[in-house]
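Worksheet for the structure shown next.
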Amino acid sequence: MTDNKGKRNGGLGRREFLATGAAVLGLGVTGFPAVLRAQPASVKVGLIHPVSGFIAFSGTQCREGAQMAIADINAAGGIKSLGGAKLEAMLGDSQGKPEVGASEVSKMVEGGVHGIVAGYSSAISLATSQEAAKSMTPHIVDVGVSDQIVDRGLKNTFRFAPGYGTIAKFAVDNLAGINQMSDDKAKTAMIIHEESLFGTGTANLLQKKLPEIGIEVLDVIKHANPTRDFTNIVLQIKSKKPDLIIPANYYNEYVLLARTMRQQQVKAKGIYSVLGGAASNYKFVNEFPEAAQGIMDCNHWFNPKSEVALQRKAAAEAKGLVYTYEVFLAYNAVLALADGFERAGSTEHDAVNAALAASTLDMSYMPYGPTRMINGQNVGARPVNTQVLDGKIEVIFPQQFASAKPVFPMNS
Amino acid sequence: MRTLIILAAVFAALGLVPFFVVSDVWLNIAIMVLYSALLGQAWNMLGGYGGQFSFGHAAFFGTGAYTVAVLQVQYGINPWIGLFAGGLAAVVVAAIIGYSTFRYGLKGSYFALVTLAFAEVLRILSNSVPITGAGVGLLIPLQVAPSNLQFADKGSYYWLVWAMALCAFAAACWIGNSRFGAQLMAVRDNEDAARALGVRAYSVKLRAIMLSGFFSGLGGVFYAQYFLYLDPHIAYGASVSIESLLVPIIGGIGTLFGPLLGAVVLHAISEVSRDLIGDVPGISLVLYGALLVVMVLFLPRGLAGLLIRRKAAPQNRKKQEAEHA
């Protein structure tokens, strides 16, 4: 009688159930120690981007790229020197405001973050890296191009992509090269830039350097963010008839400027962007192929001859992403941080900072030279020149990465 | 006297916060609450007590911020001097705006629009002249030392903003209980009647805007020293002006504790909405906006109005009962 107590429909009795449960529990604790105990703690990576606000598109692209990198690293076995520890994303939204970005950093630091990747815009990156410096939390700037970011001597701040000093020099040198190769040389230029740190800084550098290669700057026009009507600016361009138009602005403004120039039938020998928000962007090229045709850009880009880079591009596109520079720069920043953990074999801030400062990460999927860190900046990082030709974004400089030859003047 | 004692007690309690709050995150929230309360109280002196609604308090905030930054970065002048210089420079800008608006009888929406225009002009100017770093902005070098008005711990920043807010609230308390305050409120309620009683409306409003500008300028100095980076959009952008007026409107316009209540509630809503649904981009802002709309609809006199109504309710009942009897 008692044996059958508690049994229902031939199921487990209460005693059997308790005995089996205890056995399973015992086996769990003693029988699978490798599974239960050796699972290393996850490595927390803070991702702070402006996923809301006026630069939300770019911020969201950054977040997507960074999360792709985390997924890929985890799928490949995590951080091996830490026993295969998995990366765990901590997400933060800076809302496009430096102070919100800084407060996200302090939240993450308190939440035990081991490293931070931030913050798309230069102004936000300045604030987030400075806040992270107070606890020496390793901080990698993914996109922000201002050279002030790495000039402050912060020992926790690193950038693996080029800054605008390098980009502006590269842009001017290559423009000189393109001009030399042409029979119909450009002699004058107008710079149209957005008013914040990135646009103004880039424009200032170009204004100094262009006369050195024999190009006179006729005018520099600054516009606010956002600007939704470029008619007056384009009419000014039309009246001054520059050979070259050099835009440096964010995506929306770039698209509107390019479309207005097309509508107003501005004739120039070339549109040569420096960090043009849309010129090296598949979304712009696909949606407005006529406005994009022939535009040259000096910008961040991947190595089109690298299988790894092309696979990553295909994977991003399979997810429905437009493969913009935000995606691959944020991806690279996470890779660099993970490499820092790997080399350090630790998540201790000082050890990871030291590993990042001495990083020699193989970045052959980018058109860079060997990685060499000086004051937190990868001096091997370089931009490329691209040109939109027949609906495709082709690399035209440097030669070893080129997929097409430059067409200049653009309508020739 | 009772108000002064309550104010002293509230600020004494607030001054103890760093002793009890060890979390940097919570301390940062407390700092931002006091910073918002400071900006809100500065606006309240002119808009709440004086009835002159400004949409351009960023003009004072940005001037204070840029003064301390420019003096440090371009001239190597110690930021402790810059702190007072920032407040005084904001007073000068306030005097110019006050003179050019009150002198010519601008009030209501005209005054609001002109203040907005001044802030915009200053934004464009700071975006163009080299001394402010133009569009590149100014980066104050990170040299953590109390002598540089930079602190290693958040507790010290807290006490800095606490001291600024205390001065602002003490000034507002003085306005509420002084002859000057009575004149200012008389101008707010009926300027013509106040004039008829001998109040020099122009002079009263001018003094109010200068006082308001001073504290807004101090808010700018604090921002510059806390975040160490300024650009024209941060300093003179519309968001500062909006924050300055939103805080007292939510908390209770023309009341002493309204800006503090408003700052607490706004930051609480912001933090809660971000923590609840922070990973969905922008949704927290939508929730934040919706809650603001609800509060403005159902609490037109702000949170302080709710407290005053509750306090007044039993008295009103007694009055009604007496009338019925």
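Backbone N, Cα and C atoms are what each Cβ position is placed from, and that goes for glycine too.
Just so you know, TrEMBL annotations are computer predictions that nobody has curated.
So that you can see what the record holds, here are the features copied from TrEMBL:
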TRANSMEM  B:25-43  transmembrane segment
TRANSMEM  B:55-74  transmembrane segment
TRANSMEM  B:80-99  transmembrane segment
TRANSMEM  B:111-144  transmembrane segment
TRANSMEM  B:156-175  transmembrane segment
TRANSMEM  B:208-229  transmembrane segment
TRANSMEM  B:249-269  transmembrane segment
TRANSMEM  B:276-299  transmembrane segment
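Recorded stretches compared: B:25-43, B:156-175, B:208-229; the one with the most Cβ pairs under 8 Å to the transmembrane segment (B:55-74) is B:208-229. Proximity of the transmembrane segment (B:156-175) to the transmembrane segment (B:25-43) is established through 3 or more Cβ-Cβ distances under 8 Å for residue pairs spaced 6 or more apart. Most Cβ pairs under 8 Å to the transmembrane segment (B:25-43), among the stretches B:80-99, B:111-144, B:208-229, B:249-269, belong to B:249-269.
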